[in-house]
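**Student:** I have a structure I would like to understand better, so I am pasting it below and will then ask my questions one at a time.
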Amino acid sequence: MFNRIRVVTMLMMVLGVFALLQLVSGGLLFSSLQHNQQGFVISNELRQQQSELTSTWDLMLQTRINLSRSAARMMMDASNQQSSAKTDLLQNAKTTLAQAAAHYANFKNMTPLPAMAEASANVDEKYQRYQAALAELIQFLDNGNMDAYFAQPTQGMQNALGEALGNYARVSENLYRQTFDQSAHDYRFAQWQLGVLAVVLVLILMVVWFGIRHALLNPLARVITHIREIASGDLTKTLTVSGRNEIGELAGTVEHMQRSLIDTVTQVREGSDAIYSGTSEIAAGNTDLSSRTEQQASALEETAASMEQLTATVKQNADNARQASQLAQSASETARHGGKVVDGVVNTMHEIADSSKKIADIISVIDGIAFQTNILALNAAVEAARAGEQGRGFAVVAGEVRNLASRSAQAAKEIKALIEDSVSRVDTGSVLVESAGETMTDIVNAVTRVTDIMGEIASASDEQSRGIDQVALAVSEMDRVTQQNASLVQESAAAAAALEEQASRLTQAVSAFRLASRPLAVNKPEMRLSVNAQSGNTPQSLAARDDANWETF
């Protein structure tokens, strides 16, 4: 359960619980202090009220004593020889009575407690009677009325006031004792509350300690131990920490780091093995490369000789192509001229055909006129026959006109037939001339294409000539590079030896890590096969690069 709670949430809950306990304890302490304050206020008020009543009672007793002494002296000194002493006693009685009234006024100004209301009212009633009696006694003594003085029942009033004050004192004592008992009870209750809070606090601390230890300390200790094992090179153990809090996330991150480190170490081991085997293959390849470099040098010499012969042949082909291009251009000009002549003939034939068509149209008009004339002559003959002898001459003329119209129509038909035959022949000639023009156009186009092809052949021959010159330069450059390759082979052998030593050191460094049993033996041959496959494909890639270089040349 604790593993599912985040550390921040747990700390906030603990702080919330402690804050709640602090509020509860503070509230209880405030309540206890409030009760104590109320008890203290009650005790203080009782003390002040009791003090004022006591002072009032004492002063009233002194007033009674002074009055009694003054009355006694007045009775013993009938001649009034000690009038000053009597006056002083009487004045003291007035003063003490006034002081008693002042103290009682202070008592009355204090608000009585509810429990003391009845006793306070009783005291007030008895006080008012006794105070009035004392004032009346003072007045009797001032007037010298001794009979009235002794006849007044002052002692009964004094006793009644004393009993009322005693009752008030007993009620006050009971209230004070109740207040004290309540304070003692509050104190014991506060002690019990503090004890309960202490027990609850201890229980909460135990729960918090158990939760922190279970959710934070123990998983953190396992994570630290696991990290130390990883630091010592042991990658075989796994970290088992469950939960969705920060410690669980930390454990998951450490576990992911361990897996990544295992993959890295495995790849480094495989890479070091591949590098070690690759350095051996590089050393063997350097030996083969040295012999192949010598063979390449001799082949380059033969290639240089062949390139010289090829250069001479290509230059001769370029010259022949230039001459053929010039002849083709001349034939193209002649064909263009013939095409223009044929175009002129075609245009002339079209004009003749148009003229023949116009003549045929005119003959058609003449034929129509002859036909209309024949009809008119026929109508004239009919009218002449109707006229009789008067129209005989007109009939002869009409007959001649008909004969002329018939011969004109016949001649027009023959001319029309000849013209139509001429038009058909002109059309046939036009078709033949157009065919000849198209043929001349095809000849011109063919000669033009031949001219273009010969020009391209000539330019290609020039390009080949320049390319062969560049190839010759490249062959000489390749010869120089081949000489450099011989020295590079020696440097490569030294580098392969150094690489083999570094691979051995890398293998020793990686061997410090201990890995769990994994099917690595199966992966290594696959790695070797992939390396061999890549090495087998290398000549093809080199050949492809060589072809690209040849195309560049």
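A Cβ is built for glycine as well, from the same backbone N, Cα and C atoms used for every other residue.
So Swiss-Prot has the following annotated:
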TRANSMEM  7-33  transmembrane segment
TRANSMEM  191-211  transmembrane segment
DOMAIN    271-500  domain 'Methyl-accepting transducer'
MOD_RES   E302  glutamate methyl ester (Glu)
MOD_RES   E491  glutamate methyl ester (Glu)
MOD_RES   E500  glutamate methyl ester (Glu)
COMPBIAS  532-541  compositional bias 'Polar residues'
REGION    532-553  region 'Disordered'
**Student:** If you measure E500 (glutamate methyl ester (Glu)) to E302 (glutamate methyl ester (Glu)) at Cα, how many Å is it?
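**Tutor:** Rounded to a whole number, the Cα-Cα distance is 39 Å.
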**Student:** According to DSSP, does E491 (glutamate methyl ester (Glu)) sit in a helix, a strand, or coil?
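**Tutor:** The residue in question, E491 (glutamate methyl ester (Glu)), is helix (DSSP, three-state).
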**Student:** Which state, by DSSP, holds E302 (glutamate methyl ester (Glu)): helix, strand or coil?
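**Tutor:** Its secondary structure by DSSP: helix.
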**Student:** Counting across all protein chains present, how many other Cβ atoms fall within 10 Å of the Cβ of E500 (glutamate methyl ester (Glu))?
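**Tutor:** Counting Cβ neighbours of E500 (glutamate methyl ester (Glu)) within 10 Å gives 17.
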**Student:** Measure from the CA atom of E302 (glutamate methyl ester (Glu)) to the CA atom of E491 (glutamate methyl ester (Glu)) and give the result in Å, rounded to a whole number.
**Tutor:** 28
**Student:** Note down the number of other Cβ atoms within 10 Å of the Cβ of E491 (glutamate methyl ester (Glu)), including every protein chain shown.
**Tutor:** 10
**Student:** Mean pLDDT for the domain 'Methyl-accepting transducer' (271-500), rounded to an integer?
**Tutor:** 75
**Student:** Would you count the other CB atoms within 10 A of the CB of E302 (glutamate methyl ester (Glu)), including those on all shown protein chains?
**Tutor:** 9
**Student:** Translate the DSSP assignment of E500 (glutamate methyl ester (Glu)) into the three-state scheme.
**Tutor:** helix
